[in-house]
Amino acid sequence: MEFQGERGTGPGVSSSSVACSQVTVSRELLTAGSEGSGGIWDQLLISSKPHPRKTSTLQTVRMQRSPLLDQVQAFLPQMAQANEKLRREMAAAPAGHFNIENIDETSGNIIQMDVALFEMSRSDSKEEDSPEESSRDSSGDSSESEEDVCVPSEVTIENIKLPNAEGGKGKIEILDSPASKKKKQ
């Protein structure tokens, strides 16, 4: 090994000899610890040759059939048949028969859920008033702007006000069920 320990930086050592010795040291370090094989160099390379002692062949093993797969394969044809039956019933039934908004009282038990999913903007919160609103309130101006006047109109997506979602858990109410009628009697 040409270069060990400190670098030779004197008047007699040229920069080309220092560079050459660093390359030699790097190669020696990469092959260190391996007697004849490539050492760490072969371990770092992806396409390195397999070690002759570690010639283990990978074996393909057949996995057992999953019971879940059997259940899914049995269920999917049933679901396809049910979908086809529903399509035929929808084609044969009157227009409003499958409309979930229009139900008759003979349908049996019905669960009605009012679900609102939205992101509340900062302008909707009552805690944060803008400086203009607070100055207008403090000035005592009795004239109302067009925005403040509530005129009943058709409810659209733009003007609907949804309830505050921070109220906690939702409340489930049972309306006109046979069980509640029995309790009242």
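Including glycine, each Cβ sits where the backbone N, Cα and C put it.
Sequence annotations record features per position, and here Swiss-Prot assigns phosphoserine to Ser34 (among others).
Within 10 Å of the C-beta of Ser66 (phosphoserine) we count 9 further C-beta atoms, all protein chains included. Sequence annotations record features per position, and here Swiss-Prot assigns phosphoserine to Ser66 (among others) based on similarity to another entry.
Swiss-Prot lists 121-185 with the feature region 'Disordered'.
Taken from Swiss-Prot, the feature phosphoserine applies to Ser177 (among others).
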DSSP three-state assignment (helix, strand or coil) for Ser66 (phosphoserine): coil
